[in-house]
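Peer 1: Take this structure first; my questions come after.
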Amino acid sequence: QIVPLWIAPNLLTFSGFVMILVNYFLISFYDWDYTASGTSPGLVPTWVWLFSAFTTFCAYALDSIDGKHARRTQSSTPLGELFDHGLDSWATSIFVLSFFSVCSRDNGKTGVSVYTMYIYLSIVLFNFMCSHWEKYNTGVLFLPWGYDLSQVVLIAAYLLTGAVGVEVWQKPLLFGYYITDALVILLIGFSLFLSFPQTLYNIHRAHLKKTLKNDSLYEGLLPLVSPLLLFILLTVWVVLSPGNILAKQPRLFLWMVGVAFSNVICKVIICQMSSTRPELFHWFLFPLALVVYAAISGLLGWTEEAVLAVFTTLVTAAHVHYGVCVGRQLSEHLNIYIFSLKKRVQE
């Protein structure tokens, strides 16, 4: 009710995403390699953690009200839906990557290994993929309450860190277990026993009611091919990298994972919205396969980190370009502006 009626819903969505990005780059400045909280506890100022809690809350709130504001201003459009879910697909990974700085990477005593970070991120992105795969088949986006819980946990974690310092993550909580151990159990438990089973159940129920949008098993499973191949290629690179690329450049590698995933899922979201068949192999898979092969075969040698940096830059630029182009095309087709409620002037 406090949002002025002249503000476009997409502006709320984008503002929340920008806040997440600013927070991520701010934390990256102080803690590029995820070691600050473990080896230099005072390196990240207290105000940064409090700012993280503030930006996370704002982004969560804005993401929650943009749809309500669109209906309030009678400006709900396919562009708004794609804009919201498309940015969510990218923000999902950024939330996780920012949080890793709180618990820090393994330093031999405390922290989380970079491989565990990769697994955490993969599980979170898997859950996001399942939600939109479900909508592709049922036409209904069922968001489990785990999303709300994750945002509350993030905000609480940042506030706790700002209040008592990162040392709280480095002391056993109960029976020798750390807070991070409890979060791991919650994450895996919610994914394996709540989120994924709920997705399968909702699809099964739609099948019984004969409301599935896709009749054949092939059509129903098609959106999963590219995301699963993406994670297979990335995991092969992580496991077989001669230079241990994930340990050397965890932030760069995990950022690339999030961006590549977002672009693949955006294609699925568009196909779901337009009732079209998704492509079997996303184009990202081909250059990624070449890079992975060159890396694990030893062809890249000492240039592996440089190639990762170049590939990450290109993937990020391609994703931004894709988002801008799709936004412009929908804006022109629907005769609306992206960040304004005014109608476009017909040429």
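Just so you know, glycine gets a Cβ as well, placed from its N, Cα and C.
Pulled from TrEMBL, these are the listed features:
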- 12-30: transmembrane segment (TRANSMEM)
- 42-62: transmembrane segment (TRANSMEM)
- 112-130: transmembrane segment (TRANSMEM)
- 142-163: transmembrane segment (TRANSMEM)
- 175-196: transmembrane segment (TRANSMEM)
- 217-240: transmembrane segment (TRANSMEM)
- 252-270: transmembrane segment (TRANSMEM)
- 282-300: transmembrane segment (TRANSMEM)
- 306-324: transmembrane segment (TRANSMEM)
Peer 1: Could you pull out which residues elsewhere in the chain have a CB under 8 Å from any CB of the transmembrane segment (142-163), counting only those six or more residues past its ends?
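Peer 2: For the transmembrane segment (142-163), the sequence-distant neighbours (Cβ-Cβ under 8 Å, at least 6 residues beyond its ends) are 46-47, 49-50, 52-53, 56-57, 60, 95, 99, 102, 127, 131, 134-135, 169, 183, 190, 194-195, 198-199, 202.
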Peer 1: Go through 12-30, 42-62, 175-196, 217-240, 306-324 and flag the stretch with the largest number of C-beta pairs under 8 Å relative to the transmembrane segment (282-300).
Peer 2: 217-240
Peer 1: Are there residues at least six beyond either end of the transmembrane segment (175-196) with Cβ under 8 Å to its Cβ atoms? List them, or say none.
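Peer 2: Distal contacts: 103, 110, 112, 116, 120, 123-124, 126-127, 130, 144, 146, 149, 153, 168-169.
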Peer 1: Could you give the residue numbers and ranges of same-chain residues that sit at least 6 residues beyond the transmembrane segment (217-240) on either side and whose C-beta is under 8 angstroms from one of its C-beta atoms?
Peer 2: 115, 118, 122, 126, 129, 132-133, 136-137, 203, 246, 253, 257, 260-261, 264-265, 267-268, 271-272, 277-282, 284-285, 288-289, 291-292, 295-296
Peer 1: Report, as numbers and ranges, which residues of the same chain sit near the transmembrane segment (252-270): CB under 8 Å and 6 or more residues beyond its ends.
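Peer 2: 82, 85-86, 89-90, 92-94, 96-97, 100, 117-118, 121-122, 125, 128-129, 132-133, 136, 223, 226-227, 230, 234, 238, 245-246, 276, 278-279, 282, 284, 288, 308-309, 311-312, 315-316, 318-319, 322-323, 326.
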Peer 1: Who are the long-range neighbours of the transmembrane segment (42-62) in its own chain, taking Cβ under 8 Å and residues 6 or more past its ends?
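Peer 2: For the transmembrane segment (42-62), the list is 12-13, 15-17, 19-20, 22-23, 26-27, 30-31, 36, 91, 95, 98, 101-102, 151, 154-155, 158-159, 161-162, 165-166.
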